[in-house]
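> I'd like to ask some things about the structure below.
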Amino acid sequence: MYGLTWVVRRGTCRVLTPRCLRQLASGCRSPAGPTLSHGWGRSMAGRTSAPASRICTNQEGETGTQKGREGKRQKKDSTDREGVGLTESIAAGNHSSVDNISGQNRETAASDGYKVNERLQEDSTQKTKTEAHTIAQSKQERSAATQAQRDTHPPIPSPPPALHLDYGPVPSLPQRLVLNSPPTLAAYMQLMRLDRPIGSWLLFWPCGWSLALSAAPGCLPDPWLMALFGVGAAVMRGAGCTINDMWDKNYDSKVARTAGRPLASGRLSQFDALVFLGAQLGLGCLILLELNFYSICLGAASMGLVITYPLMKRFTYWPQLALGFTFNWGALLGSAAALGQCQWAVCGPLYLSGVAWTLIYDTIYAHQDKYDDVIIGIKSTALRLGEATPRWLACFGTAMITGLLTVGHSAGQTWPYYLTLALVSGHLAKQIWTLDINNAADCGEKFRANRHLGLLLFVGIVTGNLLKE
């Protein structure tokens, strides 16, 4: 008994289960027999303390795996009957001591479990912090590697913006030509407005009118001059559009209708446009050199208007008037090319009639962008005239017809010409009467209809000239 009490007091057993007692008894046997003595207890203290510290740390609530191991150990201990009897006597004699020790060890186990949980939580928190630090360090390393790669290998430039073409469901022949061209070539074609030839027609018709009026009675206009002026109108209109886009690059990017232009969208640079402008002006100069000296001088005098027109919209509400003076220069040039000089009694009123016509169609055109023009600070007759635009257009139309009547009288035109003027008057009246200045689509349609008006007047002039004696 004293030996067991000493073991409990000096050992590290926290719970003395029956199995622990049996194993203790098995380890305490001496060669002389299963006796307990004071000396044996002291002599076995050293041998039992280590097994006791290893075995008795088990609690009463052991897992299934531990119970299986206990069964194997019981089979081994069954060979020693004396040890089992000694274990039973010790367990019976010390029942009260075991109960007291078990209660104390339950409290100790609960306290140790709480400490273990705290330690596990601390370990988990520390592990999370370590993982977060590792991830952050990995991101920094990847970022540094990416930056080093960028420094070593410059980024590949992004592809040029996509071609911005709003051609509607059925593109015209020039528009299909642009669509089927390589992107760079298409950008240059769009810069000179080859996909929108309406401007070239509006520039050509005053030239054609002047050439037809300058033809000999009963004759058609000179086809060679007609061809030269046709090509020249396309080239110089392209040059004018290039100059306009170079001046208005920053403005065009802020307007929905013009944001897709090559310079505004970044598909071409200012230097590209400048080189292209030089090529166009060179070609225009070659065409001009095919004319007489008087015509060459007169044509060169128009370059000031071509260059300065795009700036007028920044300073005056009448940039359309400046455009009229520029676009109708061919009315003077055609007469000079056909006759060697200007026939001012005819080409003078024709020029002013063309200016009035330009005020009509370009004011209609300007109503498409009037809301954007207000925002970015661009001026136009559309903003100046406002809701009174139809009345002003009627006045411009009256001035145009009056000028054309004067032209017919000075040129000795016949009745087909005056009949044509009646049709032209009706065409203008319909445009003005049905115009919706707040509908951009309607304004665009009315603007494009003026190419038919120009053709109609040209046919009237040619027909009237053929009937001259």
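Glycine residues also receive a Cβ, built from the backbone N, Cα and C atoms like all the rest.
What TrEMBL records for 55-66, 94-108, 135-149 is compositional bias 'Polar residues'. Annotated compositional bias 'Basic and acidic residues' per TrEMBL: 67-83, 115-132, in sequence order. According to TrEMBL, the feature region 'Disordered' maps to 27-161. Summarising the annotation, TrEMBL assigns transmembrane segment to 198-218, 224-247, 293-312.
Tell me about the setting of these features in this model.
Proximity of distant same-chain residues to the transmembrane segment (198-218), defined by a Cβ-Cβ separation under 8 Å and at least 6 residues beyond the stretch ends, is recorded for 225-226, 229-230, 232-234, 236-237, 241, 327-335, 337-339, 343, 346-347, 350-351, 354, 358, 361, 407, 411-412, 447-448, 450-451, 454-455, 457-458, 461-462, 465-469.
Same-chain residues lying 6+ beyond the ends of the transmembrane segment (224-247) with a Cβ under 8 Å from its Cβ atoms: 191-194, 197, 199-200, 203-204, 207-208, 211, 261-264, 270, 273-274, 276-277, 280-281, 283-284, 287-288, 290-291, 306-307, 309-311, 326, 330, 333-334, 337-338.
With a threshold of 8 Å between CB atoms, the same-chain residues lying at least 6 positions outside the transmembrane segment (293-312) that come near it are 236, 239-240, 243-244, 247-248, 318-319, 322-323, 325-326, 329, 332-333, 336-337, 340-342.
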